[in-house]
Amino acid sequence: MQENFSLRPFNTFGVDVNSKYFTEVLTIDELKDAIRYSKEHHLSVLFLGGGSNILLTRDFDGLAIKLSLKGISEEDINENEVLVTAKSGENWHEFVLYSLEKNYGGLENLSLIPGNVGTSPMQNIGAYGTEIKDIFVSCTVLDLENLELKTFNLKDCHFGYRDSVFKQEGKGKYVILDVSFKLTKKNHHIKTEYGAIKTELENMGITDPTIQDVSKAVIHIRQSKLPDPKEIGNAGSFFKNPTIPLTQFEDLKQKFENIPGYPNGDMVKVPAGWLIEQCGWKGKQIGNAASHKLQALVIVNATGKATGKEIFDFSTEIIDSVKEKFGIELEREVNII
Ligand code: EPU
């Protein structure tokens, strides 16, 4: 147990706040001990995974627990499918690379997403035409009230766009310990419908892509416009892409004829990056916080010295100006602590 411990290395924004207490756990028993300790000493608890989806706006007056449970196991389901289970502290991209090395298909479109396996179900991570709900089978969680283990199957997780039971009614009640995915061994479902992947594969001169090729294409696209948190602090997309009623979208189209939208029934998903760029924020910096010059949806710690509060206030200014210009209220995707 450490005291007055800097959480800077544990959040990809690189924000420097202290936690009153800090501990790292490698096993379920260590995790249970840490939780019991927090209960006995009436400490609030902050669980840290890969730290890639949080913004720490103040010092934390409790016990921060870094989850470092490691290990990957697998079990054949049938000739073509394998169940692969990774513990929560495994790095997501390393897990994707492990599956590609074994030629297991299903995770390739989710290459290079920052963070750990354990947080992937929280917001149903997704990119380039795949969400984890497409390959998710179950996860084991620790119930924080009685310290018992519980299994959540696909239907229990209530996955939606960047959403799950763990962000709604289950919020703050469970710690995810491991996640199991159903991957293919031979007959892979190659997903290249997402426009940018098609273009990238064409540029690479590939007409009949393997899962490894798709992964390479995704990695190229991400590297070309998303900042690497190791070089410049960020948490990926800061906001969700808003979904608005078709009627509202049609009204907006009268005024802003180039507005992009992806219809789904009587709703339309509008790219937040476009809305933010139209308000003049792309590449703009205030103090130490900025909107990324290549992808307006990403807020960066431009100087490495930004406080969480500064980044939060910057995001509020973006929300206000998008609301004023388009009448759309952006919702933060990043967890604010
Ligand atoms: N756009 C702009 N200006 C910008 C950025 C985007 O006009 O500065 C417009 C363009 O029209 C572009 C469209 O937005 O065609 C979509 O952009 P992009 O393909 O980059 O995707 P996104 O909607 O901005 C989402 C996810 C990303 C994910 C990509 C690819 C959310 C909140 N974000 O971004 O996820 O990698 O799609 O699938 O849904 C993350 O969650 O951290 C993340 C990076």
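Residue positions begin at 1 at the first shown residue.
Every residue, even glycine, has its Cβ placed from backbone N, Cα and C.
Features as listed in TrEMBL:
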ACT_SITE  R162  active site
ACT_SITE  S237  active site, proton donor
ACT_SITE  E333  active site
DOMAIN    14-186  domain 'FAD-binding PCMH-type'
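Annotated pair R162 (active site) and S237 (active site, proton donor), C-alpha to C-alpha distance, rounded: 11 Å. For E333 (active site), the same-chain residues that are 6 or more apart in sequence and have a Cβ closer than 8 Å to its Cβ are N53, Q123, R162, G236, S237, F238, F239, K240. There are 19 other CB atoms within 10 A of the CB of R162 (active site), with all protein chains counted. In the three-state DSSP classification, the residue listed as 'active site, proton donor' falls within a strand.
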